[in-house]
Amino acid sequence: MSVGRALQGMGAGFTVPSALAILTTTYPAGPERNKALGIFGGTAAIGSVVGVLLGGILGSTIAQGKVEDRRLDIFGMASFTIGIVTIIYYLSESPAKGWTSAATLAPLIIGIVLLITFIVIELKIDYPIMPPHIWRSRRFLASCATALCLMAALNAHFYFSSLAFQDVLGYTSLKTSLAFITHGIGAIIAVGVLSMLIPHVRSKIFLVVGWVFMIASGVMWAQLKADSSYWSIPFPSLIVNLISMVCIWLTCQINSVADAADEDQGVVGAVYNVSLQIGAPIGIAISNIIANHKNGTFAVGSELLPGYIDAFYSFAVMGGVGLVVTLILYPNSDPVRPPTKAEETDVEVGTATAEDDERGTGDKEEIEEYSEIKAGSVNATVYSESSASLEKRV
């Protein structure tokens, strides 16, 4: 599984920068490029949502072997998937086509109706794909809300930092890709360090620190100038951002499944990942609106910087929203880990040994007393038999 996950990350590392480079070199800076990148982000989000849902379905049905009388929530799956996809389409396409145009409003209305239908279905049937009881966990609800805020801020960050590298600082596609290497390498190191700290620090503290760093990263990027060097603004901003990302991501992932029963682990993981994917187009859409409002339609090159600065501030605000969500929704206490089977066995063995020790002295005395009685009985029997034999001889 770890190797597969590593290969998946390598594949994304190869394809995403290359695809982004093709788009940015094919479409000049301005409305056409913005539209192309918006479609690129939207289709990626749609694919991620569909993939996560299908993975959760397969993991909870086919992967577990033959299950008697296992019914699938076909209508629930269809209504939720299509509803989410159409809403993501609206968020992705509206900056280019207009937020009130028929081409975007129609999918939005369809998506809302389908999601309402999905909720009704899940409340009525006996075999829901998303059992309503999973939302009773405050920790799970908070993790999903926090994950959505995280991906909204992160995608706004990566989207506009990539554009700033190329449009404002004049980096080539290759140089832009290399500029993010520090972020990737630093994230690997940060994951190792923070993984060791997580058992010793409360989850809520990790999240608060992460959101503070996220806000700081956005504010730092907003100080970018057309003549800024890589080491003055982008590099420290990327380092601060990766610390933020790892703090929030690791903590949310651990807490999202902490309260779930074994039979709900698959669906809880799928819903949590859907929250991540939904946040991506929301963040890009919001920051795009803000940037385009400042830059207008025909700005190019360094003229785009004012709008990009506003976009960087917008993702700092998204970090602030995530901080508020964390403070309000997240429980102060960490989840209590249930004992493993091995630990339960140790407890049972220890209890039995203690009970044996308590009655050990009494058992020993009873055994000795019984032995004495038995020996006495044997001696008495032998004595009686010997006496009888002697009387016969006399």
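Cβ atoms here come from the backbone N, Cα and C positions, even for glycine.
Annotated domain 'Major facilitator superfamily (MFS) profile' per TrEMBL: 1-334, in sequence order.
Taken from TrEMBL, the feature transmembrane segment applies to 37-62 (among others).
Taken from TrEMBL, the feature transmembrane segment covers 74-92 (among others).
Summarising the annotation, TrEMBL assigns transmembrane segment to 98-120 (among others).
Sequence annotations record features per position, and here TrEMBL assigns transmembrane segment to 140-160 (among others). Counting only same-chain residues 6+ beyond the ends of the transmembrane segment (140-160), those with a CB under 8 A from a CB of the stretch are 37, 41, 134, 207, 214, 217-218, 221, 241, 245, 248-249, 252-253, 255-260, 268, 271-272, 275-284, 286-287, 291, 308, 311-312, 314-315, 318-319, 321-322, 325-326, 329-331.
Residues or ranges marked as transmembrane segment in TrEMBL: 180-198 (among others).
What TrEMBL records for 205-224 (among others) is transmembrane segment.
Nonlocal intrachain contacts for the transmembrane segment (230-250), taken as residues 6+ away from its ends with a CB within less than 8 angstroms of a stretch CB, comprise 146, 150, 154, 157, 161, 164-165, 169, 179-180, 182-183, 186-187, 190-191, 194-195, 198, 206-207, 209-214, 216-217, 220-221, 223-224, 319, 322. Per TrEMBL, the feature transmembrane segment maps to 230-250 (among others).
Annotation comment: TrEMBL describes 270-291 (among others) as transmembrane segment.
Summarising the annotation, TrEMBL assigns transmembrane segment to 311-330 (among others).
Among the features that TrEMBL reports, region 'Disordered' is placed at 337-370.
The average pLDDT the prediction assigns to the domain 'Major facilitator superfamily (MFS) profile' (1-334) is 81.
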